[in-house]
Amino acid sequence: DFGHSKKIRKNVHSLTAEEQNSLRRAMDDLQDDKTRGGFQQIAAFHGEPKWCPRPEAEKKFACCVHGMAVFPHWHRLLTVQGENALRKHGFTGGLPYWDWTRPMSALPHFVADPTYDDSVSSLEEDNPYSHGHIDSVGHDTTRAVRDDLYQSPGFGHYTDIAKQVLLALEQDDFCDFEVQFEIAHNSIHALVGGNEPYGMSTLEYFLYDPIFFLHHSNTDRLWAIWQALQKYRGKPYNTANCAIVRHDTYRKPLQPFGLDSVINPDDETREHSVPRDVFNYKDDFNYEYESLNFNGLSIAQLDRELQRIKSHDRVFAGFLLHEIGQSALVKFYVCKHHVSDCDHYAGEFYILGDEAEMPFAYDRVYKYEISQALHDLDLHVGDNFHLKYEAFNLNGGSLGGVDLSQPSVIFEPAAGSHTA
């Protein structure tokens, strides 16, 4: 019974040696568990085998939700599913998180080291968090971490991913937040998995790499930070104040969590499979995070930092994104004056996808700030320039036929200022 014990989700770097050993033993046991509640079954929730829209359907697709306003809810349930499974296998704490918004030069040792010294057996054991096995294809997961993940900006500055998360946290409309939040999260999948076919950058097999759980515990923590910010701002935080409340998806069970116990044996996630029942994580799922600080900033300090950021005129590139049937890196450039002068890099982001995914199209733009890029080119809003993009697969090959529509240029005046 998980309903009466408060679980604390700790930063992976603050786990004690005993907690690390306990988590590893629990994951090792979970990976050996071939029942409906075992590792293979949970990992399949995100991709293969496909169970949606229902297991008996003639044409099925992966159940994972991307490009939709219920992305945070679906993945919050998935963290609870994993947390409960680890606790059933002996772990007594909460699902740890890897704070990838902070500067870093390597993956956490907890997930990167191939072996560890087990204090119980006094033996060197294989680290179950370094990879997982995909029974359906007979492969272990692998990683090809890209150098772009490792950034160490100076004091008072943020990594590229942290900047994208800050823009998400700035939004006080849930659906605006969700778009920025989800695209920022995509980077970790692509940067950790790289071009490896069985791992974090391949939608079918995301969840078979145990680092997924730490990544999504942090993704969920960032949603919790936004919720705390909303409460501080006097805005809705345990509901959605946007289009999600007008759609049936808000009131329908998220799958496969809402399916019967043959697919989902976890009573807790099945009983909370409707999105509106997922917001209040503290009461409904009985967990809290060790810290809701963002890069060392408390909620009040973070709010002040966001106000500081908004106190300047800013310019953004706007992309109305949709699924393209595969994962991709999108790079975009500023074109000065004429079409041939287009080699001025302005930014990049990742789209996640697969042929087996649910179709999606955002109903609002994803924004990427280009103020500094324009400043460096001595350009201003209203000058003669436009934006151009290129899409690449994760092997670096051009996806010339991908149509993401022409990016727009969005000017946002400093907060409190007025334009004619």
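Heads up, the Cβ atoms here are built off N, Cα and C, so glycines get one too.
Just one of His157, His216 is listed by Swiss-Prot for the same Cu cation B site as His185, His189, and that one is His216. Listed ranges 1-20, 21-40, 261-280; the one Swiss-Prot annotates as region 'Disordered' is 1-20. Between the disulfide-bonded residues Cys52, Cys63, Cys175, Cys335, Cys342, Cys63 has the most other Cβ atoms inside 10 Å of its own Cβ, all protein chains included.
Taking the C-alpha positions, the distance from His216 (Cu cation B binding site) to His73 (Cu cation A binding site) comes to 12 Å. In this structure the alpha carbons, written CA, of Cys342 (disulfide bond) and His185 (Cu cation B binding site) are 28 Å apart. Straight-line distance linking the Cα atoms of His66 (Cu cation A binding site) and His185 (Cu cation B binding site), rounded to a whole number, equals 11 Å.
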